[in-house]
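Undergrad: Straight out of Swiss-Prot:
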BINDING   68, 69, 70, 71, 72, 73, 74, 75  ATP binding site
């Protein structure tokens, strides 16, 4: 039985020079910018050259059921499946993934580079500083906030109201103490005193913009369109009104270029951008996915959290910005997560419990049927854990197949690409089937109708209840003429409802809309439901307690 940790496996794997990985996808030396021997950015010369290639590969979206707090191995499946298609089926394959946020690495969830023998490497670099994209974003976020505060202090000819500034500062750390602060305290020499707050870097609008921008000009335009706040005369003020878009774009110009790394089995992987799926759109950058589509025959990408969050947002929003729609959808399921959805105690998830599995199956059933309603072929992959019994695995596969869906059991974590060759064959076969894409809502639908259609069709809510604050914000959005934008619903990842403890597949509940936020630069409206936080906190035993580094700089304890 394998007892090696993820980081031990990664550190004991021989990497290929990143130049050789680039050659696998026909990138010339002048089309990459090296970050040491194992990481690179694809240059603008490379990106512009790739765009001329008319070829478009098959796009495979990997999503999942509602997760347990520890996650269900979606990234592991994405990486392992990509390795299997490339190295076992010998097809030209690329993986496109989000880059991890550093905050959760030291918190509860840990890193986001896969696990076991299905990882992207160098895992410690990717999980920590990588190529500096997150630091560039944090600098851009806080520079913009500082410029706005300085504008109010120095001139403020537009009479921007310091109490109606919508921008948040950013830091890529889980720190609950920064959710609400007061700045400019003391004398006026320290600035204008007003309340402010921090969001984790990946929750900031600039992260969404980085992931949606198609080039530097588009990046600059989107930054200029960010709504800063309102004047004392109730007029909206945008970044372009203050003239800061050029400086902020300059800070992000290098971060906009996608990063190239490899898997343990040397499959090329583009890792770029990382918005959360519960509070943003939850997909890697458009530049990364489009670049991958032009470079390979098969591209695997994932959508954050469950199919009700990242999956829905990918289908209804992200795919509108890509060069093509998904050709197939993979829904990742685990035995333990379905037992959790049956309200089984986390202390007993490793014990065989067929009745709990059957009860929890309702959650998977809804997710896979929701994805099928988009008109794209769907397959379920069961991520096998050591604690799963054969009876549980076979029962789950039977339940899925009885509902009319393809299903395979995979063990990429323990076996690498050999842990799911038949699954890879079936996924490739599915991409060749005809699809008839049907979004949940139409672009011309009103904001209320878009929210209602997602709530009814995806969540199975009975009704929607708007807070007084949300009603006021909706009226402001309509007054500005921005109510034609897509909606991104911010919701707990653990439930179809806005309450994380209501598990399974609930019906006929009320979805509570707490507030709405116009993300004008990104081009969507965030609809906050329940108690959603954009600045996480740390748990009682943070992962940081288990992380260390020796005198040779070798890091241990990352997972």
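Placement of Cβ uses the backbone N, Cα and C atoms for every residue, glycine included.
Walk me through where these features lie, including what they touch and how far apart they are.
TA: Reduced to three states, the DSSP call for residue 74 (ATP binding site) is helix.
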Undergrad: Show which residues of the chain containing residue 74 (ATP binding site), separated from it by at least 6 in sequence, have their CB under 8 Å from its CB.
TA: 62, 63, 64, 67, 302, 332
Undergrad: Within a 10 Å radius of its Cβ, which of these binding-site residues (71, 73) has the fewest neighbouring Cβ atoms?
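TA: Taking 71, 73 as the binding-site residues, the minimal 10 Å Cβ count falls on 71.
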Undergrad: Of these binding-site residues, 68, 69, 72, 75, which scores lowest on Cβ atoms within 10 Å?
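TA: Least crowded of the binding-site residues 68, 69, 72, 75, by Cβ count within 10 Å, is 69.
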Undergrad: Using DSSP, would you call residue 69 (ATP binding site) helix, strand or coil?
TA: coil
